[in-house]
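Per TrEMBL, the features are as follows:
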- HIS172: active site, proton acceptor (ACT_SITE)
- 7-12, ASP32, TYR62, 76-77, ASN92, 115-117, SER140: NAD(+) binding site (BINDING)
- GLN79, ARG85, ASN117, PRO118, VAL119, ASP120, ASP145, THR146, ALA147, ARG148, THR227: substrate binding site (BINDING)
- ARG150, HIS165: beta-D-fructose 1,6-bisphosphate binding site (BINDING)
- 1-139: domain 'Lactate/malate dehydrogenase N-terminal' (DOMAIN)
- 142-303: domain 'Lactate/malate dehydrogenase C-terminal' (DOMAIN)
Amino acid sequence: MKIGIVGVGMVGSSAAYAMALQGIAQELVLVDYNKELAAAQAEDISHAVPFVSTTVVRAGDYADLAGAGVVIIAAGVSQKPGESRLDLLSRNAEVFRIVVSRILDVAPDVILLIASNPVDIMTDIATRISGLPPSRVIGSGTILDTARFRSLLARHLAISPQSVHGYVLGEHGDSEVLAWSCACVGSVPLMSFAKQIGKPLTDAVRAEIDDGVRRAAARIIGGKGSTYYGIGAGLARIAKAIARDQRDILSVSSVTEDIAGVSKVAASVPRVIGAGGIMMDLIPELNVEESASLHHSAAMLKALAASVPL
Ligand code: ADP
């Protein structure tokens, strides 16, 4: 499969690097309005390929995205001093209007993978601008928050994160919901597994894990300016599920008919991802508190998305 990436700053290039190392695509086409940057990233990443895969990595223009099965959009502008969140969103919506239409001109059957933040809102905007079905406009959403949740749980329980089945739902951001009540280890409910092995998830442990997930981005930004390796690997994970039609269950964002009583909102729940994009949603069974938190998160996102003029 040919996979395109539009916007190859830190996030887009990390996704390209992760995909090149895993040989997920036959060809990766890197597009950026900074052409020198795209050329440099393509050349640098292509030098990693001989060690591990056969992916062709090159810089290109929109025309070179013709026939791409997936295009990751990681383009965006950053907040100017004094600029409101809504003004920033409007400017990013303008970027998306141009980028999405140029992609669709050459690759009408594409699946769009949205990485630009705030990712849930940008996923809603990309869906509205493109006119594509929501199954083909996928935001990275809470894929990374879910990975952080699993890795912290795994560390506490001293097992592999791949054997922890737990999800972070709703917004990729402050209002996200850690779904403790339906998390499992293998086939055993998380809380009873933790008790059985003598490592109970006390309120203090849960609070620490919650903070570890929720405040991870802020901590990383504090130390190194921005986050990109984790999200790059998460984007590669979604692209792999599509390129190989794996039908993996991943927590990603997409405009959804109903999330906790909020209609047509872009937020994350676990979904089956395969060649057609999103093939099924799996709305988890939550306790009363988690349901209320997810409703709050989804309602906030819906109101914010509705406030962005298109
Ligand atoms: P991040 O950390 O989110 O990756 P960066 O600023 O490093 O942020 O990367 C964003 C990239 O998006 C930059 O390389 C920038 O040149 C690119 N970009 C911004 N607007 C557009 C656009 N309209 N078309 C293509 N690329 C764009």
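Glycine residues also receive a Cβ, built from the backbone N, Cα and C atoms like all the rest.
Keep in mind that TrEMBL annotations are predicted by a computer and have not been checked by a curator.
Positions of the features from TrEMBL, shown on the structure.
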residue: ASP32; record: NAD(+) binding site; contacts (Cβ under 8 Å, 6+ apart): VAL6, GLY7, VAL8, GLY9, GLY12, ALA38, GLN41, ALA59, ALA75
residue: GLY76; record: NAD(+) binding site; contacts (Cβ under 8 Å, 6+ apart): GLY7, ASN92, VAL95, SER116, ASN117, MET122
residue: GLN79; record: substrate binding site; contacts (Cβ under 8 Å, 6+ apart): ARG85, LEU88
residue: VAL119; record: substrate binding site; contacts (Cβ under 8 Å, 6+ apart): GLY139, SER140, GLY141, HIS172, SER253
residue: ASP145; record: substrate binding site; contacts (Cβ under 8 Å, 6+ apart): VAL168, HIS172, GLU176, VAL213, ARG214, ALA216, SER251
residue: ALA147; record: substrate binding site; contacts (Cβ under 8 Å, 6+ apart): PRO161, GLY230, GLY234
residue: HIS165; record: beta-D-fructose 1,6-bisphosphate binding site; contacts (Cβ under 8 Å, 6+ apart): ALA183, CYS184, VAL185
residue: THR227; record: substrate binding site; contacts (Cβ under 8 Å, 6+ apart): ALA216, ALA217, ILE220, ILE221
Exercise. Please compare the recorded positions ARG150, HIS172 by how many other CB atoms fall within 10 Å of each one's CB, and tell me which has the fewest.
Key: ARG150
Exercise. Within 10 Å of the Cβ of GLY7 (NAD(+) binding site), how many other Cβ atoms can you find? Include all protein chains, please.
Key: 25
Quiz item: What's the CA-CA gap between ARG150 (beta-D-fructose 1,6-bisphosphate binding site) and VAL11 (NAD(+) binding site) in angstrom, rounded?
Solution: 22
Quiz item: Ranked by the number of other Cβ atoms within 10 Å of their own Cβ, which of the binding-site residues ASN92, SER140 ranks first?
Solution: SER140
Quiz prompt | recorded positions near ligand 1 among GLY7, SER116, ASN117, HIS172, THR227 (Cβ under 6 Å) | solution = GLY7
Quiz item: Given the binding-site residues SER116, ASN117, which one's Cβ is surrounded by the fewest other Cβ atoms within 10 Å?
Solution: ASN117
Exercise. Check ASN92 (NAD(+) binding site) against DSSP and tell me helix, strand or coil, would you?
Key: helix
